[in-house]
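Visitor: Submitted below is the structure of interest, expressed as structure tokens.
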């Protein structure tokens, strides 16, 4: 990615309905016993089982498709909710891609209307907010794993490059996260002057910056290293510390600080 570095001059109820046991017919010569459950009851029991396992054993006991099915709630005529969940995972390629999808990505998908779209999008937003809340509770330099998780969830699977700034207070706790630049397929214009201005407006004492590589490869380019030096020097002029620059992929991150490049 080439950078343009622009200078100053430029269901009601929580309890599932339980199946009532089918009475066993008296054993009589030549008369078979009835099935333990009718077909419809078996299907409903199958739908309830993941919910019961989650409550009894925790969410880790469920597969990705089962967790998605719990979010969806019900299926379509002729297709149960598990088939719908599998269809979604196949359509998007992975759970991460499904949950990172924008609302428009669900348009035209059979069985996914506005209500289910809102649920799927809200789940990821809740996760982002929970991680941001965690980042505000203690210095980010003391919890690098939380920073990695937050950044991967925030920009790790974006289809285009995004440059984000994490503005920190004097104790290195998160004050605010802002997306300061968005790239095309080949370029992204980053304005150090504007980043400095926002740091001063937010009374930030330090910054962590990050951008994603949609390819998934997180090794920094020469342009990434040059941008980091320019931004570090611009912030130093106003006594704001650049703590780290992360390059983020869907499954990995690269830290300039850990590499000794800041």
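Cβ atoms are placed via backbone N, Cα and C, with glycine included.
Sharing the feature lines straight out of Swiss-Prot:
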BINDING   211, 213, 224  Zn(2+) binding site
COMPBIAS  22-43  compositional bias 'Low complexity'
DOMAIN    140-262  domain 'MPN'
REGION    1-45  region 'Disordered'
MOTIF     211-224  motif 'JAMM motif'
Visitor: Over the span of the domain 'MPN' (140-262), count residues by DSSP class, listing helix, strand and coil in order.
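Guide: Counting residues per DSSP class in the domain 'MPN' (140-262), I get 40 helix, 38 strand, 45 coil.
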Visitor: For the binding-site residues listed here (211, 213), which one has the lowest count of neighbouring CB atoms within 10 Å of its own CB?
Guide: 213
Visitor: Report, as a single number, how many Cβ atoms besides its own are within 10 Å of the Cβ of residue 224 (Zn(2+) binding site).
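Guide: So the Cβ neighbour count for residue 224 (Zn(2+) binding site) comes to 18.
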